[in-house]
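A.B. asks: So TrEMBL lists the following for this protein:
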- 386-395: compositional bias 'Basic and acidic residues' (COMPBIAS)
- 396-405: compositional bias 'Acidic residues' (COMPBIAS)
- 415-427: compositional bias 'Polar residues' (COMPBIAS)
- 431-442: compositional bias 'Acidic residues' (COMPBIAS)
- 485-505: compositional bias 'Basic and acidic residues' (COMPBIAS)
- 235-380: domain 'Lariat debranching enzyme C-terminal' (DOMAIN)
- 386-538: region 'Disordered' (REGION)
Amino acid sequence: MKVAVAGCCHGALDKLYETLELLERRHNVRPELLLCCGDFQAVRNEADLRCMAVPAKYRHMQSFHRYYSGEKKAPVLTVFIGGNHEASNHLQELPYGGWVAPNIYYLGYAGVVRFRGVRIGGISGIFKSHDYRKGHFECPPYNQQTIRSAYHVRNIEVFKLKQLKHPIDIFMSHDWPRSIYHYGNKKQLLKMKSFFRQEVESNTLGSPAASELLQHLKPTYWFSAHLHVKFAAFMQHQANSKEELPKATKFLALDKCLPHRDFLQIIDVEHDPNAGDSLEYDAEWIAVLKATNSLVNVTPSSWNMPEKNGLHAKWDYSVTEEAIKEVLEELNHNLQIPSNFTLTAPCYDPSKPQKHLEPVHTINPQTTEFCAQFGLIDINDRIQQAKEEGSARGEGEEEEEEEMDSTGSAEEPSEYNTDNSGLSSINPDEILLDDEGGEEDLSTCSVDPSPDHPPDFSASFSDIRIMPDSMAVSSDDAMDSTNEEPEKSGVSKQAEEKSLNERPLKRISGGENGNSGGKKIKRRNQAIYTAEDEDTTE
């Protein structure tokens, strides 16, 4: 089965699907599945734009709303994870995953699904140590802190994924697993992105949480994006026992979705020819969700997952074959994910702009149905309960308004220059679109193609790669990574955020539509978007 994998598409769905059509015309290759590794930007309307942690000049509607409204339909089944440039209010409606548009499926905070027998997992967001041990407490309308913390990876999602025992074929993360650069052509990477050198040499580039998952899950393929550079690696895993067969992971990071960029990869994946062509639940993952349901936390308080340290009566939440069998029986062995997409917000209409449309906290009927079916906590419903309890204790609107007044609007530039303490040894800060510098004109990515004048991508996407069965690593790569023992960084503790904003929850029914110095280094962003792929001087 041919699978297409894309990096950060930044809402340019028309461009992405047109590239796939071009691939079919030129090479007679038609993938059955498209995977996107974050920064998907499922923006439905102006309110969603206000929930994206990007500078105002990059808040463009792009083309997703056409797929959300039904004007267009994705020509290939598309599965994606969240990154750090998302309409967080929209994705938050689907913490366990769900359809954001017909034929476009979001994996949730973390998730595992199956397609034609291929097991696909992923984790959304990026790692930040100061939010890692908190619960999912954020909800719209966001303030300066929560508009960013909303997409930060939490330890509970990593814990859930670490309960999996059965093999994973494909796994996706937005930011790279820390240390993965030691298993590929590191010299070439640093040649292309010289400003990575300090973090690569100190082994602080990437996510320690993703690295932990990579070592535990040992998937056949691992795909990432975020750093806007293509990079391949091959990691041979050590067996945990004499009985365990050796495993290896083929890692690939993809570039962003822009003309003249190699952002799309085609791979051949072994599949079950007898399996149906519908997206399916994964029985073990559902069983893990049920087993870990009591661990759900919707507060900003930091806490640790259960460990075998004498402090917890139970620390192993992996599931038995009997528990998996029970899930199968609950579903009558029909694992097909229902096509129950529902509009939960008004769709952008260019003829009737709503510039002052405010985001609201919404419970998506897909999540309601999913939680009812499997006996799970509806995270958004629990957040609303926590807010109401806080109000009853006197933590009311006046306090929240004062907090908003002190932090300012989500559209103020200061929003993107906060939170710069204690991060230098953790991971690169969120990549900001306004760091692009002179490399390319990003405005070309924000204008939807006119139906009367469709763009010509024939020259732009002449560098599509079709990957062979293995991602070979050259002898130079092997020499570059020999005898290097990546160190593992711990997770530091940081101060907790303030309480939530008070706004009533909107429940949608199933039928309603709804730096000083020579080189320019922006915090720890390391000028990832700089001109000519080199450091920019002031």
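From the backbone N, Cα and C atoms, a Cβ is placed for every residue, glycine too.
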A.B. asks: DSSP-wise, what's the residue breakdown of the compositional bias 'Basic and acidic residues' (386-395) into helix, strand and coil?
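C.D. replies: The composition, in the requested order, is 7 helix, 0 strand, 3 coil.
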A.B. asks: Please compute the mean pLDDT of the model over the domain 'Lariat debranching enzyme C-terminal' (235-380).
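C.D. replies: The answer is 93, the mean pLDDT of the model over that range.
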A.B. asks: Over the span of the domain 'Lariat debranching enzyme C-terminal' (235-380), count residues by DSSP class, listing helix, strand and coil in order.
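C.D. replies: Going through the domain 'Lariat debranching enzyme C-terminal' (235-380) residue by residue, I get 34 helix, 22 strand, 90 coil.
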